[in-house]
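Trainee: Taken from TrEMBL, the feature compositional bias 'Acidic residues' applies to 20-39. Per TrEMBL, compositional bias 'Basic and acidic residues' is recorded for 40-49. Among the features that TrEMBL reports, compositional bias 'Polar residues' is placed at 154-164. The domain 'G-protein coupled receptors family 1 profile' feature in TrEMBL is assigned to 54-247. The region 'Disordered' annotation in TrEMBL covers 1-49, 154-178. Summarising the annotation, TrEMBL assigns transmembrane segment to 53-74, 94-117, 191-210.
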Amino acid sequence: MRKTKNKRKNVKRQDKEEGKEEEEEEEEEEEEDEEEEKENTEKEEKDRSNEGGIILMCWVAGTLVGLLPLMGWYNKEKEYNEVCYFVDVMSYQYLVFIYFGTIVFPGVLMAAFYTHIYTVVLKQLRQIAAQEPQGDTASVGTQCSQRQRSYIFRSQSRGQVSESSRYDPHRASTNTNLNQMAHPNRREVKAAKSLSIIVLFFMISWFPLYTINCVQAFCKHCTASSGVMFFTITLTHLNSAINPFLYAYHMHDFRAALKSFILHHVLCRPVDP
(Lines of atoms letter the chains of each structure in order from A and count residues from 1; the text may use other names and numbers.)
(Lines give C-alpha, C1' and ligand atoms only; values in the text may rest on other atoms or scores of the structure.)
Protein backbone atom coordinates (compact mmCIF):
# COMPACT_ATOMS: atom_id res chain seq x y z
CA MET A 1 0.00 0.00 0.00
CA ARG A 2 2.80 2.39 0.93
CA LYS A 3 4.58 1.65 -2.35
CA THR A 4 1.37 2.33 -4.27
CA LYS A 5 0.85 5.63 -2.41
CA ASN A 6 4.44 6.63 -3.04
CA LYS A 7 4.05 5.86 -6.74
CA ARG A 8 0.89 7.96 -6.88
CA LYS A 9 2.64 10.82 -5.12
CA ASN A 10 5.54 10.58 -7.53
CA VAL A 11 3.14 10.57 -10.48
CA LYS A 12 1.30 13.64 -9.13
CA ARG A 13 4.58 15.42 -8.46
CA GLN A 14 5.76 14.58 -11.96
CA ASP A 15 2.47 15.82 -13.41
CA LYS A 16 2.84 19.13 -11.55
CA GLU A 17 6.41 19.56 -12.75
CA GLU A 18 5.38 18.77 -16.32
CA GLY A 19 2.46 21.18 -15.99
CA LYS A 20 4.84 23.95 -14.92
CA GLU A 21 7.19 23.12 -17.77
CA GLU A 22 4.29 23.22 -20.22
CA GLU A 23 3.17 26.62 -18.90
CA GLU A 24 6.72 27.96 -19.21
CA GLU A 25 6.97 26.61 -22.75
CA GLU A 26 3.64 28.19 -23.66
CA GLU A 27 4.75 31.55 -22.23
CA GLU A 28 8.01 31.36 -24.17
CA GLU A 29 6.13 30.49 -27.35
CA GLU A 30 3.73 33.40 -26.83
CA GLU A 31 6.65 35.79 -26.33
CA GLU A 32 8.35 34.46 -29.46
CA ASP A 33 5.09 34.81 -31.42
CA GLU A 34 4.68 38.41 -30.24
CA GLU A 35 8.26 39.28 -31.19
CA GLU A 36 7.87 37.61 -34.57
CA GLU A 37 4.57 39.42 -35.19
CA LYS A 38 6.19 42.73 -34.26
CA GLU A 39 9.11 42.09 -36.62
CA ASN A 40 6.73 41.12 -39.43
CA THR A 41 4.68 44.30 -38.89
CA GLU A 42 7.78 46.49 -39.02
CA LYS A 43 8.98 44.67 -42.14
CA GLU A 44 5.60 45.10 -43.85
CA GLU A 45 5.57 48.83 -43.08
CA LYS A 46 9.09 49.19 -44.47
CA ASP A 47 8.15 47.21 -47.59
CA ARG A 48 5.09 49.42 -48.15
CA SER A 49 7.24 52.53 -47.87
CA ASN A 50 9.77 51.15 -50.36
CA GLU A 51 7.01 50.07 -52.75
CA GLY A 52 5.45 53.54 -52.59
CA GLY A 53 8.79 55.16 -53.40
CA ILE A 54 9.40 52.83 -56.36
CA ILE A 55 5.89 53.42 -57.75
CA LEU A 56 6.30 57.20 -57.42
CA MET A 57 9.69 57.05 -59.15
CA CYS A 58 8.19 55.04 -62.04
CA TRP A 59 5.37 57.55 -62.53
CA VAL A 60 7.76 60.52 -62.47
CA ALA A 61 10.15 58.85 -64.94
CA GLY A 62 7.28 57.89 -67.28
CA THR A 63 5.86 61.42 -67.19
CA LEU A 64 9.23 62.98 -68.01
CA VAL A 65 9.86 60.57 -70.90
CA GLY A 66 6.38 61.22 -72.30
CA LEU A 67 6.86 65.00 -72.13
CA LEU A 68 10.19 64.98 -74.01
CA PRO A 69 8.58 65.66 -77.43
CA LEU A 70 6.76 68.69 -75.98
CA MET A 71 10.13 69.96 -74.76
CA GLY A 72 11.49 70.08 -78.31
CA TRP A 73 12.47 66.52 -79.24
CA TYR A 74 10.48 66.28 -82.50
CA ASN A 75 10.86 67.05 -86.22
CA LYS A 76 10.66 70.82 -86.64
CA GLU A 77 11.86 71.20 -90.21
CA LYS A 78 8.65 69.90 -91.84
CA GLU A 79 5.41 71.80 -92.33
CA TYR A 80 2.06 70.01 -92.43
CA ASN A 81 -1.06 71.42 -94.01
CA GLU A 82 -3.82 68.88 -93.51
CA VAL A 83 -2.52 65.45 -92.44
CA CYS A 84 -0.17 65.01 -89.48
CA TYR A 85 1.33 61.53 -89.09
CA PHE A 86 2.86 60.40 -85.85
CA VAL A 87 5.97 58.90 -87.47
CA ASP A 88 6.57 62.11 -89.44
CA VAL A 89 6.25 64.42 -86.46
CA MET A 90 8.15 62.31 -83.96
CA SER A 91 11.92 62.21 -84.12
CA TYR A 92 13.24 58.76 -84.98
CA GLN A 93 16.00 59.26 -82.44
CA TYR A 94 13.30 59.66 -79.81
CA LEU A 95 11.49 56.53 -81.05
CA VAL A 96 14.75 54.53 -80.87
CA PHE A 97 15.29 55.85 -77.35
CA ILE A 98 11.74 54.81 -76.40
CA TYR A 99 12.24 51.39 -78.02
CA PHE A 100 15.42 50.48 -76.14
CA GLY A 101 14.90 52.56 -72.99
CA THR A 102 11.28 51.74 -72.18
CA ILE A 103 10.48 48.58 -74.18
CA VAL A 104 13.47 46.30 -74.79
CA PHE A 105 15.56 46.90 -71.67
CA PRO A 106 12.67 46.85 -69.13
CA GLY A 107 11.06 43.89 -70.90
CA VAL A 108 14.23 41.78 -70.81
CA LEU A 109 14.91 42.88 -67.23
CA MET A 110 11.42 41.93 -66.03
CA ALA A 111 11.53 38.62 -67.85
CA ALA A 112 14.88 37.81 -66.20
CA PHE A 113 13.61 38.84 -62.74
CA TYR A 114 10.40 36.81 -62.92
CA THR A 115 12.21 33.79 -64.32
CA HIS A 116 14.68 33.94 -61.44
CA ILE A 117 11.87 34.34 -58.87
CA TYR A 118 9.96 31.43 -60.36
CA THR A 119 12.98 29.10 -60.34
CA VAL A 120 13.95 30.05 -56.76
CA VAL A 121 10.43 29.46 -55.44
CA LEU A 122 10.17 26.10 -57.22
CA LYS A 123 13.53 25.09 -55.74
CA GLN A 124 12.31 26.00 -52.25
CA LEU A 125 9.10 24.03 -52.73
CA ARG A 126 11.09 20.96 -53.80
CA GLN A 127 13.32 21.29 -50.72
CA ILE A 128 10.27 21.57 -48.45
CA ALA A 129 8.65 18.55 -50.09
CA ALA A 130 11.87 16.55 -49.61
CA GLN A 131 12.17 17.54 -45.94
CA GLU A 132 8.52 16.92 -45.05
CA PRO A 133 8.19 13.50 -43.36
CA GLN A 134 5.67 11.01 -44.64
CA GLY A 135 2.77 9.90 -42.49
CA ASP A 136 -0.14 11.43 -40.71
CA THR A 137 1.21 14.97 -40.76
CA ALA A 138 -2.25 16.48 -40.92
CA SER A 139 -3.24 15.08 -37.53
CA VAL A 140 0.08 16.14 -36.02
CA GLY A 141 -0.34 19.66 -37.36
CA THR A 142 -3.87 19.77 -35.97
CA GLN A 143 -2.64 18.69 -32.57
CA CYS A 144 0.04 21.35 -32.61
CA SER A 145 -2.31 24.11 -33.73
CA GLN A 146 -4.81 23.26 -31.02
CA ARG A 147 -1.98 23.07 -28.44
CA GLN A 148 -2.96 19.69 -27.10
CA ARG A 149 -0.18 18.97 -24.64
CA SER A 150 -1.15 15.50 -23.43
CA TYR A 151 2.30 13.93 -23.46
CA ILE A 152 1.82 10.91 -21.18
CA PHE A 153 -0.88 8.26 -21.28
CA ARG A 154 -1.33 6.18 -18.18
CA SER A 155 -2.09 2.52 -18.21
CA GLN A 156 -4.36 2.11 -15.19
CA SER A 157 -4.43 -1.66 -15.46
CA ARG A 158 -0.66 -1.87 -14.97
CA GLY A 159 -0.45 1.01 -12.50
CA GLN A 160 2.53 2.41 -14.44
CA VAL A 161 3.23 5.38 -16.65
CA SER A 162 3.62 4.48 -20.32
CA GLU A 163 5.79 6.78 -22.42
CA SER A 164 5.63 4.75 -25.62
CA SER A 165 2.95 7.02 -27.08
CA ARG A 166 4.62 10.25 -26.04
CA TYR A 167 3.74 13.20 -28.26
CA ASP A 168 6.73 14.71 -30.05
CA PRO A 169 6.35 18.52 -30.07
CA HIS A 170 9.52 19.01 -32.12
CA ARG A 171 8.13 16.92 -34.95
CA ALA A 172 4.80 18.76 -34.82
CA SER A 173 6.45 22.17 -34.87
CA THR A 174 8.69 21.07 -37.76
CA ASN A 175 5.72 19.90 -39.82
CA THR A 176 3.77 23.07 -39.01
CA ASN A 177 6.72 25.26 -40.02
CA LEU A 178 7.11 23.35 -43.28
CA ASN A 179 3.41 23.82 -44.07
CA GLN A 180 3.60 27.52 -43.19
CA MET A 181 6.61 27.91 -45.48
CA ALA A 182 4.98 26.00 -48.32
CA HIS A 183 1.76 28.03 -48.46
CA PRO A 184 3.43 31.46 -49.00
CA ASN A 185 5.76 29.94 -51.58
CA ARG A 186 2.80 28.52 -53.49
CA ARG A 187 1.24 31.98 -53.45
CA GLU A 188 4.51 33.40 -54.76
CA VAL A 189 4.50 30.87 -57.60
CA LYS A 190 0.95 31.88 -58.49
CA ALA A 191 1.86 35.58 -58.35
CA ALA A 192 4.96 34.99 -60.48
CA LYS A 193 2.84 33.20 -63.09
CA SER A 194 0.32 36.05 -63.19
CA LEU A 195 3.04 38.68 -63.53
CA SER A 196 4.83 36.68 -66.21
CA ILE A 197 1.60 36.65 -68.23
CA ILE A 198 1.38 40.44 -67.88
CA VAL A 199 5.01 40.89 -68.98
CA LEU A 200 4.55 38.53 -71.94
CA PHE A 201 1.41 40.37 -73.06
CA PHE A 202 3.27 43.69 -72.72
CA MET A 203 6.08 42.46 -75.00
CA ILE A 204 3.68 41.04 -77.58
CA SER A 205 1.69 44.29 -77.66
CA TRP A 206 4.48 46.87 -77.84
CA PHE A 207 7.39 45.16 -79.58
CA PRO A 208 5.90 45.07 -83.12
CA LEU A 209 5.12 48.81 -83.42
CA TYR A 210 8.35 50.10 -81.96
CA THR A 211 10.41 47.50 -83.81
CA ILE A 212 8.98 48.84 -87.07
CA ASN A 213 9.70 52.44 -85.99
CA CYS A 214 13.26 51.51 -85.00
CA VAL A 215 13.90 49.76 -88.33
CA GLN A 216 12.54 52.75 -90.26
CA ALA A 217 14.83 55.05 -88.26
CA PHE A 218 17.89 53.30 -89.73
CA CYS A 219 16.40 52.27 -93.07
CA LYS A 220 14.76 55.25 -94.75
CA HIS A 221 13.51 53.15 -97.68
CA CYS A 222 11.89 50.50 -95.47
CA THR A 223 8.15 51.03 -95.19
CA ALA A 224 5.24 49.17 -93.66
CA SER A 225 1.74 49.04 -95.10
CA SER A 226 -1.03 51.07 -93.51
CA GLY A 227 -2.80 47.85 -92.51
CA VAL A 228 0.24 46.59 -90.59
CA MET A 229 0.69 49.94 -88.87
CA PHE A 230 -3.00 50.09 -87.95
CA PHE A 231 -2.82 46.57 -86.48
CA THR A 232 0.30 47.27 -84.40
CA ILE A 233 -1.11 50.58 -83.10
CA THR A 234 -4.38 48.86 -82.18
CA LEU A 235 -2.37 46.19 -80.37
CA THR A 236 -0.73 48.81 -78.13
CA HIS A 237 -4.11 50.32 -77.26
CA LEU A 238 -5.48 46.83 -76.61
CA ASN A 239 -2.70 46.25 -74.08
CA SER A 240 -3.70 49.37 -72.16
CA ALA A 241 -7.36 48.31 -72.22
CA ILE A 242 -6.79 44.73 -71.02
CA ASN A 243 -4.07 45.44 -68.44
CA PRO A 244 -6.51 46.38 -65.62
CA PHE A 245 -8.30 43.04 -66.05
CA LEU A 246 -5.01 41.12 -66.05
CA TYR A 247 -3.87 42.85 -62.87
CA ALA A 248 -7.16 42.34 -61.04
CA TYR A 249 -8.24 38.92 -62.33
CA HIS A 250 -6.38 37.03 -59.58
CA MET A 251 -8.61 38.79 -57.01
CA HIS A 252 -11.55 36.59 -55.99
CA ASP A 253 -14.00 39.49 -55.56
CA PHE A 254 -13.14 40.86 -59.00
CA ARG A 255 -13.69 37.48 -60.68
CA ALA A 256 -17.04 37.08 -58.91
CA ALA A 257 -18.16 40.58 -59.94
CA LEU A 258 -17.04 40.04 -63.55
CA LYS A 259 -18.86 36.70 -63.73
CA SER A 260 -22.02 38.28 -62.30
CA PHE A 261 -21.83 41.17 -64.80
CA ILE A 262 -21.38 38.87 -67.81
CA LEU A 263 -24.18 36.52 -66.75
CA HIS A 264 -26.66 39.25 -65.90
CA HIS A 265 -25.96 42.04 -68.40
CA VAL A 266 -24.41 40.19 -71.37
CA LEU A 267 -26.01 36.73 -71.37
CA CYS A 268 -29.21 37.89 -69.62
CA ARG A 269 -29.14 34.91 -67.28
CA PRO A 270 -30.11 34.89 -63.60
CA VAL A 271 -27.29 35.18 -61.13
CA ASP A 272 -27.16 32.88 -58.13
CA PRO A 273 -27.20 34.86 -54.86
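Keep in mind that glycine also has a Cβ here, set from the backbone N, Cα and C atoms.
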Trainee: Restricting to the same chain and to residues at least six past its boundaries, which positions have a Cβ under 8 Å from a Cβ of the transmembrane segment (94-117)?
Mentor: 62, 65, 68-69, 73-74, 87, 188, 192, 195-196, 199, 202-203, 206-207, 210-211, 213-214, 217
Trainee: For the transmembrane segment (191-210), give me same-chain residues lying six or more residues beyond its boundaries with a C-beta closer than 8 angstroms to one of its C-beta atoms, as numbers and ranges.
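Mentor: That would be 95, 98-99, 103, 107, 110-111, 114-115, 117-118, 121, 229, 232-233, 235-236, 238-239, 242-243, 246-247, 249-250.
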Trainee: Using DSSP, how many residues of the compositional bias 'Acidic residues' (20-39) fall into helix, strand and coil, respectively?
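Mentor: Result for the compositional bias 'Acidic residues' (20-39), in helix, strand, coil order: 20 helix, 0 strand, 0 coil.
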Trainee: When the pLDDT values for the domain 'G-protein coupled receptors family 1 profile' (54-247) are averaged, what is the result?
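Mentor: Taking every residue of the domain 'G-protein coupled receptors family 1 profile' (54-247) together, the mean pLDDT is 72.
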Trainee: Work out, from DSSP, the number of helix, strand and coil residues along the compositional bias 'Basic and acidic residues' (40-49).
Mentor: 10 helix, 0 strand, 0 coil
